[in-house]
Amino acid sequence: GLFVTDYFTRTPRKLSPFRSFASIELFHFHIPEDTVIAVWNLITFKEQGGTFGDQCPDRSITVYFRSGAPSVINPLHTHFPRDTAVPGSFALTLTWTLPNRTTGVFNVTSPLPGDWFLAAHLPKDEGKISVKGLYEECQYLFQPQLIVQRLVNIAVLYPGHVTEQSMAPHNRSCLYKVFVPSYTSRVLVEVLRCRGAEGCPLWLRVRAKAPPLHNSTALDCREHTPCQLAQDLPFWQHWYYVLVEKHPGVPGTVSFQVAVQLTDCSRPSLARPPFLPSSASMNMPHSFGSMGGLALGDNPPPPSPNDTKHPIPIPVTSPAGERCWPVRPTLRNELDTFSVHFYIFFGPNVSVPPDRPAVFVINLLPVLDSGGVLNLELRLNVSSLCGENVTVFGCLNHEVPLTSGDNASVTCETESLAGFLLSVNATASLSRLRIPYPQTGSWYLSLRSLCATEHGFEPCSNVTAEVYLRAYLSPCINDCGIYGQCKLLRTNNYLYAACECKAGWNGWGCTDNAEAFSYGFQLLSTLLLCLSNVMFVPPVAIAVRSHYLLEAAVYIFTMFFSTFYHACDQPGIVVFCIMEYDVLQFCDFLGSLMSVWVTVIAMARLQPVVKQASVLYLLGAMLLSMALQMDRHGLWNLLGPSLFALGIMAVAWTARTIRRRHCYPPTWKRWAFYLCPGALIAAAAVLLYAFVETEENYFYIHSIWHLLIAGSVGFLLPPRAKPSRRLGPLPRRKGCGYQLCVNEQEELGLVDPAVASINSICTS
């Protein structure tokens, strides 16, 4: 056949260490129908400071693949919530082959068509809290690329018609496809009139949705006569692919006929009439007519020498009792994103008769509904059992209802199907099922009431069980509980939800308490972070005593908002918020930076030099507010104002030193007992904050940061200005109209220049 190659790529994204599903990077692809091979090219490279990160350490990268919905991953091996079904996925770990680049290849032969999702992450780290902009981080970027090769013009088989084919010696196989509409209980594929050099040297393989593989359902036509392959309970509204493959080493041409018969489960004794425009066939996809097939309302194509189609009667034997029951639809009510309720007509109480199952369908929209959690709840009305030992089994299957025998109702499995089982009885009247990231399409729930006997479960007699059925779609499981936050995430145009846990709780629904913080630990950490701000009380007292009222007001502001910000910022249940979190965070950051600003400006003693020194306080407040609004966690928000204030102080001290020709401050006691200890304490606090603080030690390292910063302020704040003694007028120089008498104590650095006054004005 003719192959067409398609190429898809995605923008590189920065990978993060795994903490929860909210920290992974998700990529969405779409594989077209009739694809025979899909190749993912997984490119990973390092960057550091805008260049190649050759010096960055090698960190393994895990990639997950799943068809239909995102992967439900659990790399930390945490416990899932109760009643949660975990769908499987495939994982691949990439190793580095070059210092700054590696490439992995993942091949999928005959992949399922539709949506495919890739999830990638780095291994979990120690959770170090780094200051943004302090150093160039190592970034690990991941870019997946997809190359698909698909067949075009695949021959379409029509139910009830025969297709003749001759396989030349150089051909190995022939591929066909047939569309299976709704309410089909059986697909029968048969090879007729097979003629070859060694009898019928053919393999017959059948697979749903994609071309068959080597492990697909197969039949050797040399050992089976007639060569018939049946598929019971096929997937509705999907293509089934038929591969007729020649045995290796068979010479000559092999001719044969292929026929397909579909059994309508609403009429189990009859096959589906060929080309009957039934209600089910009206839902046939448009590609049925575009792939060289038959559009609705058309006549069968005319016969050709090598490929003819004509109706023939094919005897069909349907299993006894195999029939389909009416499928009751559900009403979809969308409340919000991933918040959808499915209401049952004349429900939510459902009557389950003893002689037949009750079948319901839940339709999940493509792409839109696969990022949430599908929830089912069954509650049995015990009073409706009339004393009988009745058990109601519910089987939830994707794309086809399970309505076969009693044993299948109990196990929810057949040879070709596997569903999710729910059961309720008089002793356990409530059953729940949660499916995170469900595959989209039609989900069928079959309810069957059976009575327990000595020989197992058997159909009940004259007992109609009544159950309460609730089906809904939610963003997260139980809204992530009290120790988690349900986050709505987006990757390109795809939305999905995930839990982000806190206080040491883990798991898909934040229900794994293996590493959870106890209540006492949460209370201790909250008290440490809040009460450590009391250390600002001594600096406030020193500032008030030294007549630094503006500085004292800033310290009180910082102490107040830092206390209540950390009371609101706790991850557990010991939380107290007096304002919105964003307001408290802004005020805490602003108070911290303003405390540094006003302390350094006070140390500069600018009043004799700049008459309106208060302008600097106002200017600092405005600039710091602007910087925090731009980026609250940036390094230069802390260093920029601090360095600017230190520069002002250095200029002022240098000017005094040059004017007096003596080091300022002039006394060694001021340096030895105040300035040097204060500077060392502040430097230790900055080092702890920048290099030692992690998520695990945050509560006590950050408390030490509070203590050290507040203590350094008490050492660095200048002393109170001593009252100046009035000096006599200096000798008047001739020609001088006015003479300024200067306080000599201020010149020696013994008093506060902010309160230094002009002693006298000499008039002529």
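One-based numbering along the chain as shown.
For all residues, glycine too, the Cβ spot is worked out from N, Cα and C.
As the structure is a computational prediction, the values presented were derived from the model and not from experiment.
Pulled from TrEMBL:
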- 499-510: domain 'EGF-like' (DOMAIN)
- 516-536: transmembrane segment (TRANSMEM)
- 548-567: transmembrane segment (TRANSMEM)
- 573-597: transmembrane segment (TRANSMEM)
- 609-628: transmembrane segment (TRANSMEM)
- 634-655: transmembrane segment (TRANSMEM)
- 671-692: transmembrane segment (TRANSMEM)
- 698-717: transmembrane segment (TRANSMEM)
Cβ-Cβ under 8 Å with the domain 'EGF-like' (499-510): same-chain residues at least 6 beyond its ends: 19-22, 72, 74, 76, 78-81, 84, 436, 476-478, 480-481, 483-487, 516-517, 522, 571-573
Cβ pairs under 8 Å between the transmembrane segment (671-692) and the transmembrane segment (698-717), at least three: yes
Helix, strand and coil counts within the domain 'EGF-like' (499-510) (DSSP): 0 helix, 4 strand, 8 coil
Model confidence over the domain 'EGF-like' (499-510) (mean pLDDT, whole number): 91
